């Protein structure tokens, strides 16, 4: 049986790498304080091909979710469908963390075997932390209260998209742009902010899988991706998704901000 080792993902066999970064900018875009936190993890695995983006059927799950209220990005004209899906999934998780964990994360815990592996599309997947991190995520989310949902911002999306599209042409990973930019200088090109952050995932072509992978945060000691998604200071977001990455085939950049104002 084919064995594949992943360190950050419980969801997509091609999800190989993720990193996150946060920064507080207390003077509205003019001064960066020293509270920069970053965490990244790398997965040593040969990429596995994945079919074209599948439709997120959870969008139609009106029985469990108030999709009309949570799908804040569906009608904007600057995001692709998968980018809109990512925002919807984050909003579902923020609006009812316990329900999200029960519906979408708990089922994965049942798939694990005693050796910490599980089967995904006929392939045995070996994780870094096994089922323990999934249970930890479920426990934490079950204790969280609902928080304000995220609203899309064009400037934040343009910042995310510029990084995704330029980096997807290379084999590079991480927050540093091909032009030397940082997440925060990219955002500053379009507006000012009080606080901001960025998550990046590589390999997945499904909005829900991207968000669940970041929530579980296997192999990331400080659970930085999960913290960014549940950071109450972040009320605005942008997403950039691109395919063609020379190593991971696809990447999704998610920017977050609080107090963001676009340039006029």
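Keep in mind that glycine also has a Cβ here, set from the backbone N, Cα and C atoms.
As the structure is a computational prediction, the values presented were derived from the model and not from experiment.
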Give the range, chosen from 160-184, 185-209, 210-234, 235-259, that TrEMBL lists as region 'Disordered'.
160-184
By DSSP, how many residues in the region 'Disordered' (160-184) are helix, how many strand, and how many coil?
10 helix, 0 strand, 15 coil
How does the domain 'SCP' (138-249) divide up by DSSP, counting helix, then strand, then coil residues?
42 helix, 23 strand, 47 coil
